[in-house]
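Feature annotations, courtesy of TrEMBL:
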COMPBIAS  240-252  compositional bias 'Basic and acidic residues'
COMPBIAS  253-270  compositional bias 'Polar residues'
COMPBIAS  281-294  compositional bias 'Polar residues'
COMPBIAS  295-310  compositional bias 'Basic and acidic residues'
DOMAIN    56-141  domain 'RNase III'
REGION    217-310  region 'Disordered'
Amino acid sequence: MRCNANGLLFSRAQMKLLEAISKPSCDFKPPRILQDEDDELEIFQAARGTRKDSYYQVLELIGDAAMHLSVVMVLRKMYPGGSSEIFTHLRSAVNSNKTFFFLMKKAGLSDDSATTYDKCEHKYISNGFEIRIGILILQEGLPFLNHWVEKAFGPLIRACMPDMLQIKADAANAADAAYNMKRSRENLETEDEDALPSASKKLKIPVLIQVQPAPPTALNKADESQSQHATKSRQIKHVARSERRLLQRKAFESNSPAPVGASSTVSGNSADLGPTRVVKTDSSVSKENLGHSSKNTDQDPTREQVDSDRPRDLLLRLKSLNALHRDLLSCLPPKPTLAVASWLPSISRGGIQLAMHARLPLSTPPYGE
């Protein structure tokens, strides 16, 4: 708890000091030193480090040590029974480079327009303040410096002391449950007072500004156009895929023979049998139509090629059967009888039956009678 309290003491003291410096009521004036304008410019050059002069470096060291001593003496005078722990952290906060930087800006002795402190860039301003204090104590002595510190830093120290004492008390009574409950109640009351100002204070109603939505940036527009382009691409691919499947189905149906019945008959005279029609009676014929079977849509190209070549093979077989039929008819006598017709073969290949009829006088008596 002691370590946490120590860190909190310094940070709270630094915060309260900067708040007090930023108020309009703070009227800080640097100490008067018997220097002309050339000496003022020389101090700034020495503080910036542009002039490596050991004289001003010693003045800076003297001013830093004098401020630490003078602040402790002023604290002891203002708070005779004060805690050395509080004095230590208040002395560190008062003599920090950040505090000196904002005090110099408040007095108009800064050539930098920055509103925040950066140690690497603004330390020379704090060094200039310490050089002034070194010159002052060498010219006027420590009592004069103590008087000036009490006058210039007294209001700032008084603004820090209540919070410092409260932090110290909280750390000492951290194990007391009743004290913690009391402090919690006080904190709630303080928060309520801050949230709801009293009637004596002027209630400032903030003006509500309607915030318009920010216009879409170029990056958002690019993302939106890319998303729309991806959606259109998917739609085009889907339509193209559907059209390609439809064309494949139509092409396959145009190459397949149209079923007309369970069997077909080849007829004609001995010279010309006329056009022939082939119908497959096998059970596999009804399964070749891709339009009526969803399973055939997944056939491989080799199977589709075999199915498309089947009608051509059947046509070649039919032509060979027609040639055999002509040869058999050429061997018959001019007037064949039923006996001759009875031994004419009935040829069946792949479900196709070929019979010879219509030109045989079946009503005549048998041959040789």
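Start at 1 and count along the chain as shown; that gives each residue its number.
Cβ atoms are placed via backbone N, Cα and C, with glycine included.
Taken through DSSP, the compositional bias 'Basic and acidic residues' (240-252) splits into 13 helix, 0 strand, 0 coil.
Across the range of the domain 'RNase III' (56-141), the DSSP-based residue counts are 66 helix, 0 strand, 20 coil.
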